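Noted in TrEMBL for the protein shown:
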type	residues	note
TRANSMEM	B:12-33	transmembrane segment
TRANSMEM	B:39-64	transmembrane segment
TRANSMEM	B:84-105	transmembrane segment
TRANSMEM	B:117-137	transmembrane segment
TRANSMEM	B:146-166	transmembrane segment
TRANSMEM	B:186-207	transmembrane segment
TRANSMEM	B:219-240	transmembrane segment
TRANSMEM	B:275-295	transmembrane segment
TRANSMEM	B:307-326	transmembrane segment
TRANSMEM	B:338-358	transmembrane segment
Amino acid sequence: MKRYVFVLLIFSLFLTGCWDRRELNELAITLALGIDKIEGEYEVSAQVVVPSEVSPKSSTGSSPVTLFRAKGETVYEALRKMTNESPRKIYPGHLRMLVLGEELAKEGISESLDLLARDWELRSDFYVVIAKDKTATEILNVSTTIENIPANKMFNTLKTSESSLASTKGITLDELIADLTSEGKNAVLTGIEVKGDQEVGPSKQNVETITPSATITYDYLAVFKGNKLIGWLTERESRGYNDITNSVKSTVMPISCPGEGEASIEVIDFNTDMKGKFKNGSPEVDLTIEAEGNVGAVECKIDLKETETIDTLEKIYEKELKGIINETIDTLQNKYESDIFGFGKAIHRSNPKEWKKIKEQWNEEFSELTVNIEVNMKLHNTGTLSNSFLKRVKE
Amino acid sequence: MQNVKINSSQFLILVILFTVGTSILTIPSALAADTDQDAWITVIIGTGIGLLVIWLYTTIALWFPSLTYVQLNEKVFGKWVGKVLSLLVIIMAFLYTASLLYYSGTFLNIHVMPNTPLVALNILMMGIIVMGVRLGLETIARSAEILFFVFLILFLSLVVLIAPGIQIENIQPVFEAEAKKIIKSSIFYVAVASSNAVVLLMVFPAFINKVKHAKKSFIIGNLIGGIVIIIVTFLCISVLGPEKTAREIYASYELTKRINVGDFIQRIEAVSSTLWIISVYFKAVLYFYASVLGIAQLLNIKDYRPLTLPLGMIAVFLSIIIYPSISYQVNWDETTGTYFSLFVGVVLPLLLAVVYGVRKKSLKKDSGSS
């Protein structure tokens, strides 16, 4: 008898349930968060999936996501205040995008990021972007095609453009915090903007036409100095940034032909080696770029059957790439005076003792820094054609 | 008192799990906070020093191969002084049992189950610890053998999966930290990973089959455990970077969050918590076993088993009040805890060796006549 009572007692342990159980239908799965600062208060907006609209069976044709907004003195408070509006608690475990408003970025971003790094539910594999000329809420308020969840569209677009064009850069929270805290490198973030008719953007109508009235597109890189956004790079400079920091996976670069017209080089392998050193007591950086590519398209009359032509194209590419890189470094050294490339880090790695002496005035040193650039391009193939038909086209 | 015996390979596994213990989760960030990207070098130096400490233990223990540390103290220092010194060892072992309970409960609280009361998690953990100790050393050793393979497979797969994320730039420049800082934090590492192994003298050599082999197991086990920590620290620094490693409370857990093989194998951080629960469990069991057995021998009680349940309850209660907050715990570990461990784990054994040297002849005579 005693034994039965004991067994029953043991079993009763299993009836108590679990403190931390959370059923799927109690979660508001959030895929994108936006943070703005309005009149000294944080406004947080969360793009939350509407589960019934995502499944094709029960879809009624309304928007697959919804946006909750709340204001608070801190980001955390604002996030909790959302429960005033949302029937479920915000669950950020699957977050893909964090959009920061431009105004907030100009005032300084780091204070708003602490919660996201500290909270246990969040993972650090989401991208951080800056809403250019807009608030984050406006960016999250646009419906999209192909990927009907806007956050997924933003995530995938950034991933694709980063790896096949290399004028944007997907930066995760960890990388951003590392850039904000480490010596000898300042942060960059990719800008995001809404083009077209902002009025129609939020409605489902937006995606009913072939050309959506409002679209979300990526702009180029935003330059930070310390905690604050100080300006934007152009497309060329953004590419230059990716060239310098070895972030290019594949890209297409137009170069000018020996005569007239243009040719496009498809870069298939790109490797930048950055080395810092001290020469006569002053810091220097060597950039060695090894690239491989193909002739992607020819819009001029050159003879691709000649090896010399290939050599000339390689030379032109090398020269023009150097031009882009020099231009980028020049802008950063003179216009923004911010070392976003991590030159300081490279110098630190090579000579920690000397670095200690100059790190306090690194921003000034950076503007004076000499950068030696060497580019080696190897062109292999010319696609499925040898010579272009352009030569034979009748006048 | 008891006729339990474990063999030397079982002891090896216990030593490895004991050494890995809590270090696998807490050491990378504690060391990176002090010596930045050189933390992994610190661990290498610390492991080296730790081996010396372990060598000291084996030497001491083998003077009287049939005695546990508590009995050894009484033998060498005489009855009353010996009992007082033994009490210090027992206090350490018991305090650390509670401290490990706090560790495991807090870890689950922070990363997995924030709404579950700490006491509920600690009762569950203490339940299986008490169960293990009641069943005896042989059972503990056998279950360690089984779970060690789980541990090994999980650990190796973790290393392989995270290896693609290594960025060598993160560990450069090598040797930037000052030598003084490196030494200081490697001493801290010795305190955490090696000098606490003094409680294993309650197992070694009294309850081991072939003592000669077991001496080797003790040293090799500590070395293997050290290598595991070296690898984990190196991975943390080279994948997460020194700043991030120092900021995280449990850096190696954060490390497993980074695993992503082809967008397919990802979100497997439960693996690293399994690893940790296994190693913390065995570390806690050995602490608890040492404290319970120590008290029994101190008070000349024939069987230690009746003590397990009440002491287990006290340990749970202690684990709730031992640290008022996590910042207190981190500070305590780095200051008072380190000195306490070093005192009990290094100073006392050295003292014992000195006294033994002085009283060698009369002690030999004693044991010869009795």
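We number each residue from 1, going along the chain as drawn.
The backbone N, Cα and C atoms fix where each Cβ goes, and this holds for glycine too.
For the transmembrane segment (B:117-137), the residues of the chain that approach it from at least six positions outside its boundaries are 2, 4, 6, 97, 101-102, 104-106, 108-109, 143, 203, 207, 281, 284-285, 288-289, 292, 305, 308-309, 312, 315-316, 319-320, judged by C-beta separation under 8 angstroms. Touching of the transmembrane segment (B:338-358) and the transmembrane segment (B:275-295) is ruled out by the presence of fewer than three CB pairs under 8 A, sequence neighbours closer than 6 excluded.
As a quick check, the transmembrane segment (B:84-105) and the transmembrane segment (B:307-326) clear the bar of 3 or more Cβ pairs under 8 A, pairs 6 or more apart, so the two touch. By the Cβ criterion (under 8 Å, sequence separation of 6 or more), the transmembrane segment (B:275-295) is in contact with the transmembrane segment (B:146-166), since 3+ such pairs are found.
Scored by C-beta pairs under 8 angstroms, the transmembrane segment (B:12-33) has its highest count with B:186-207, from the stretches B:39-64, B:146-166, B:186-207. Counting Cβ pairs under 8 Å to the transmembrane segment (B:39-64), the top-ranked stretch among B:146-166, B:186-207, B:219-240 is B:186-207. When Cβ-Cβ distances below 8 Å are used as the criterion, the transmembrane segment (B:219-240) is approached by residues 11-20, 23-24, 27-29, 31-32, 37, 39-40, 43-44, 46-47, 50-51, 54-55, 58, 155, 159, 162-163, 165-168, 170-171, 189, 193-194, 197, 248, 251-252, 254-255, 258 of the same chain, each at least six residues removed from its ends.
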